[in-house]
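Participant: Structure provided below as structure tokens; questions to follow.
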Amino acid sequence: MDFKYSRELKLESLDALNLTEGIPLRVNENIDLEFRGIERAHSDWERYVGKLNGFHGGRGPQFGFVSACIPECLPERMETVSYANEFAFLHDDMTDAASKDQVNGLNDDLLGGLDFTTEARSSASGKQQMQAKLLLEMLSIDRERTMVTIKAWADFMRGAAGRDHHRGFSSLDEYIPYRCADCGEKFWFGLVTFAMALSIPEQELELVQRLAQNAYLAAGLTNDLYSYEKEQLVAERSGTGQVFNAIAVIMQEHSVSISEAEDICRGRIREYAAKYVRDVADLRAKNELSRDSLAYLETGLYGISGSTAWNLDCPRYQVSTFVDFKTPEDETAKEEFIHVPEQKQFVGDGSIEDQTTEGNQEIVLRKLPQMSTEVIEAPYTYVKSLPSKGVRQRAMHAINTWLQVPMAKMKLIEDVVERIHNSSLMLDDIEDSSPLRREYPAAHMIFGVPQTINSANYELVLALNAAHQLGNPTCLQIFIEELQRLNVGQSYDLYWTHNMITPSMNDYLRMIDSKTGGLFSMLSRLMVACSPRTVSADFDSLSRLVGRFFQIRDDYQNLVSAEYSKQKGFCEDLDEGKYSLPLIHALETCVNSDRDMLRSLLVQRRVAGHLTFEQKKLVLQIMQRCESLEFTKSQLCVLQTRIQEEIDKLVAEFGDENFSLRLLVELLVVG
């Protein structure tokens, strides 16, 4: 690996330990940029989350954690990477003193900012605002590698990040795999590849991550060696009594003292470091890996020496500098699963339980309890349990950063929007004859058309009831107005398809404004009506633009996205005969021969009820000749710019930045 941004540093104390197999210590030349990132993270934490009171993170007396562990971090990325690492240290300290449920709640809070399929737990927290600010900064520098980082970070938050800290381990061998994951292996993979602008080829990824584990284990156990005293103190003060640390595990397994456990731990560190040095040397000699993969693995070498040198004298693990870190109120994580309710056996008289009328001549006069809602809610419960992008819910919580709607009313508004949205999906799938919903059978393919329609209608009644519970007559009026708009919009969508009428682009946009935009309009209007703040800001334009962006993005992805094909079928909109923006553009702009061919294909779809794979490919070829897909993508770019401008206006109106909302829009950009 070429060295452009680092220098070798000799530390006698490091050499005396004999832990790093002679791996030289290299430190990035831009330590000032690292410290600037640390200071900025502290400032933002105090602004968005709370007071730090003497917190110590990545800063050491001579150099910082990032400078020593990623010595070849690009200078223009150092401050951002340092901010990200400090944010991770801050979060880590919160989880150290937390109960198991608190740890899960804290992790789910951050996971919610990374993974749209995770349920949004509350309004965008201060930590989510910091996280969104960081990711927006990273996206502006390098979108491709930031997306890798987001996925890696989400995987880490989902499966590790302290979730096993309360588990007991009977041996070091049992503890080791968990320590490898918990030391931030996945998060660090994303951060290193971003810091150095590395792209690991897909075919090498599994090998690279497997080989790197010895480096992470050496670094993780070194951290255990130096952090044990602090973590023991945290456990005592918090009352958890459980220390997630190799020293504690070794002491219990071998019934030895702290110093003896430390010696055993040092032996394991040397073992992992030596194995890693040999592996990297072999890889260099074979010269079979890509340049970027080898650079990532070589960085692991300097991560071993760098983390050891940093641990030696960093204030973070000195008990004399330790301060308690407060955790927020307990928030229990919610497990998600696909739910298909067990079907009860029905008997001839329509009752669920097998009852007998023998000896009961006056049964018709009995006063009986109301029937259960289990049957009518079964299709809705199924649709609700399917994987969801969850974008509307996240948009609500991001907007609530400004509006500060009380949580009880937010839950009701969420209930209104979710019931209307999912009931609309159930009816849409029937009206469009769609067999799939997010890779799973559509509700009517399981429960039948009549039962699904009845369930969807029932959910609209429950949505009305939730709107009524908001206790504001304005909310009921908003509910009625927007539900009317939504159904009017759907009527035109169905009318055009049934009668094979090509709408103008203006009419198509008006339909979107009523249908897709109507749901965004409903949620923003309900939130404004329930806000304790005096709100003069207008969300109508933002709702309209976001609705158009969502629908047109869906039009585009339906035709080009492999993920959409997996979830809904290849070019499903063409099977349904729906008029999308790309199709309308093609019909308006194609040469006569292509236009006639498109119309003939639409007729064939109506006759057969679908298009063949080959027919769909032909439609796509015509669209490509007409540049309809390029046109659609350009319109998405226009909408994204206008949405950010609308956010700018709202930021000026409220006087507060909204990083969560900006990040939400940025992550939906079509690549």
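Note that Cβ sites are derived from N, Cα and C of the backbone, with glycine treated the same way.
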Participant: Between 223-231, 466-474, 574-582, which stretch does Swiss-Prot give the note motif 'NSE/DTE'?
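Facilitator: My reading of Swiss-Prot: the motif 'NSE/DTE' range is 223-231.
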Participant: Out of ARG437, ARG438, which is the one Swiss-Prot records at the isopentenyl diphosphate site of LYS389, ARG392, HIS421?
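Facilitator: It is ARG438, as the record lists it for that site.
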Participant: Motif 'DDXXD 1' per Swiss-Prot: which of the ranges 92-96, 332-336, 512-516 is that?
Facilitator: 92-96
Participant: Can you tell me how far the Cα of ASP428 (Mg(2+) 3 binding site) sits from the Cα of HIS421 (isopentenyl diphosphate binding site), in Å?
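Facilitator: Taking the Cα atoms only, ASP428 (Mg(2+) 3 binding site) lies 10 Å from HIS421 (isopentenyl diphosphate binding site).
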Participant: Of all the binding-site residues given, LYS389, HIS421, which residue's CB has the most CB neighbours within 10 A?
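Facilitator: When each Cβ's neighbours within 10 Å are tallied, HIS421 leads.
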Participant: Suppose the isopentenyl diphosphate site is LYS389, ARG392, HIS421, ARG438. Which further residues of the same chain have a Cβ inside 8 angstroms of that site's Cβ centroid?
Facilitator: SER388, GLY390, VAL391, LEU425
Participant: Report, as numbers and ranges, every residue of the chain located at least six residues beyond the motif 'DDXXD 2' (428-432) whose Cβ falls under 8 Å of a Cβ in that stretch; write 'none' if there are none.
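Facilitator: Non-local partners: 442-444, 449, 452-453, 490, 494, 576, 578.
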Participant: Which one is it, among the binding-site residues ASP432, ARG437, LYS515, GLN551, ASN558, that lies nearest to HIS421 (isopentenyl diphosphate binding site) by Cα separation?
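Facilitator: Its closest listed neighbour, by Cα, is LYS515.
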Participant: What is the biggest Cα to Cα gap, in Å, among LYS389, ARG392, HIS421, ARG438, the residues listed as binding isopentenyl diphosphate?
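Facilitator: If we measure all Cα pairs in LYS389, ARG392, HIS421, ARG438, the largest is 16 Å.
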Participant: Sorry to bug you, but what's the C-alpha spacing from GLN551 (dimethylallyl diphosphate binding site) to LYS389 (isopentenyl diphosphate binding site), rounded to the closest Å?
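Facilitator: Computed Cα spacing between LYS389 (isopentenyl diphosphate binding site) and GLN551 (dimethylallyl diphosphate binding site) is 14 Å.
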